[in-house]
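Lifted from TrEMBL, the feature list:
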COMPBIAS  223-234  compositional bias 'Basic and acidic residues'
DOMAIN    1-480  domain 'Major facilitator superfamily (MFS) profile'
REGION    212-241  region 'Disordered'
REGION    488-519  region 'Disordered'
TRANSMEM  25-44  transmembrane segment
TRANSMEM  80-100  transmembrane segment
TRANSMEM  141-162  transmembrane segment
TRANSMEM  292-318  transmembrane segment
TRANSMEM  338-359  transmembrane segment
TRANSMEM  389-413  transmembrane segment
TRANSMEM  455-477  transmembrane segment
Amino acid sequence: MAVVVAVAYLGKAVACDWGLSGGQESVLLAIGNAGSLVGLYLFGAAADTAGRKPSLMASALLQCAFGAASAAAPNYGSLVFFRFMHGLAIAGALSALILLAEMLPPANRALWSTVMQFLSVPAYLYEAGIGWATLREPNGWRWMVAALVLPAALLAIAMLFVSESPFWLVTRGRYGEAEAVVHKIAQVNRWAGRSDLHLCFNADSASEDVETAPSAAEGSCGGKDESAQDDSKEPAAAPSEVAAAEGAAGTTAAAASGSRAAKACKAATEAWRDTANGLKTLFSRRLLRTTVLLIITWACSGFIYMGIVLLTPAIGGGDGTTPECLADGTASWSNADFTAVMVTSVAEAPGMIVVMLLSDRIGRRWTLDVLFGASALGSILLASKTWAFGWQLAILFVVRAGIAGVYACLYVFTLEVYPTHARNFGAAVADGWGRIGGFASPFAVVPFIDQGAAWKVATILASLCGAAIVCCLLLPVETMGRGLSRRATRTRSLVPRGSRELPPDPAGNTSDPDKEAEG
């Protein structure tokens, strides 16, 4: 969501530079969310089909490409297209949260997932600082957009050193690779004397969190790991068999070169099948109520977040959306505009700290209600009377902290509630509705801000907070302390029985945490 701050700056700056109408500015503000909506579904399906790591790498590279193209856009039409494509690309970054969540145990998944999102606060301050330094100069918005390519470039470099999710590998039957990732994690963390760790799964359980055992030979994972046997112990091939294999190799290579189109068609078919299966899982009888309530909650959150971001500059000295342009084509930014944005950006930190403190104590649902309640209270105060600038800033600080914490907690809850084979897609669907809310927000909020009726905006935000509180109370599942779900039904297991590389749980636990949570 950090890019939202830059977009709020971009709309006013480009409107002054190119003389845009209010409608054109609203489109420019909203088009990134439209692109993200498309990108969430595309990257969600890609991450569940091709893997989390390739999806993230593609996202980073496309962000670099379309970010640079946006900075050099020659006209309004091309800029709108490039911002749409940049929004599509940035949606793939959601895979980073899924990748992290699938590496963490239930006890501190919420904590470290929130810590990761906590890093968005320096990103907001970076954007605000770049804006402060560039937007008062002619064509300053181009330099701002170009400077925002740097984080995406760093992400692309970092992905060269990141491993694939072991749980995604498991869903693809690549158990040996999954175990190799866990070995790598053990080595990086210097777990002395535990280099022979391997994975323990219960084939009948929906829980997918990794258990580790010091030694497979000791039977701590239900018996000796047959996959750990040395392949060199297999009988050597006879010379005639080797010759036959070499002769067949040429035929195989020739056939492979002519089957690329078939492979591409197969990959596309697989992606489509995974998407269909993901939708079937999300709207299955077991998850239908949860999915619908999450969609409403995400949509409200997206609208509220974007509304607060657009409302913030309006209290600084001007309405914040109607361009007040200078003769050189630059917007007349005041110090108060940048101060308000930077102060409310810092508010994200307290909101996420609240999530760290509460989500593993009172649960995800009650934490969401507390945070939505704080945003609702602040919005009601803004709507009740006209406050001095300092008080307005303090109230907006509370509202922004609340909705930032909501996003942090919602991401964790959404990732925990869906099974691995549909987790990225399910998060994409939920977050996609957040983008729809963010897309709709400028068209509803900007006219009221232009009229100087900020209290009407605050009233809308308070109402949506109330609706979201009700949805959170009605959620049938609490995911606190629960393992990641591997399946969405009570009978299906994605890990085959008798898997050589993933022995059954030595404790013999066959309970279904999803059933217990919802039952």
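Just so it is clear, glycine is given a Cβ too, placed from its N, Cα and C backbone atoms.
The transmembrane segment (338-359) shares more Cβ pairs under 8 Å with 389-413 than with any other stretch in the list 25-44, 292-318, 389-413, 455-477. Listed by sequence, the residues of this chain that lie at least six past the ends of the transmembrane segment (25-44) yet keep a Cβ under 8 A from its Cβ atoms are 3, 7-8, 10-12, 14-15, 55, 58-59, 76, 79-80, 83-92, 94-95, 275, 278, 302, 306, 310, 321, 323, 424-429, 431-432, 435-436, 438-443, 446. By the Cβ criterion (under 8 Å, sequence separation of 6 or more), the transmembrane segment (292-318) is not in contact with the transmembrane segment (80-100), since fewer than 3 such pairs are found. Below 8 angstroms of C-beta separation, residues 3, 7, 10, 27-28, 31-40, 42-44, 46-47, 52-53, 55-56, 58-60, 62-63, 65-67, 69-70, 73, 112-113, 116-117, 155, 162, 165, 411, 415, 423-424, 427-428, 431, 435 of the same chain, each at least six residues beyond the ends of the transmembrane segment (80-100), sit close to that stretch. Confidence across the domain 'Major facilitator superfamily (MFS) profile' (1-480), taken as the mean pLDDT and rounded to a whole number, stands at 79.
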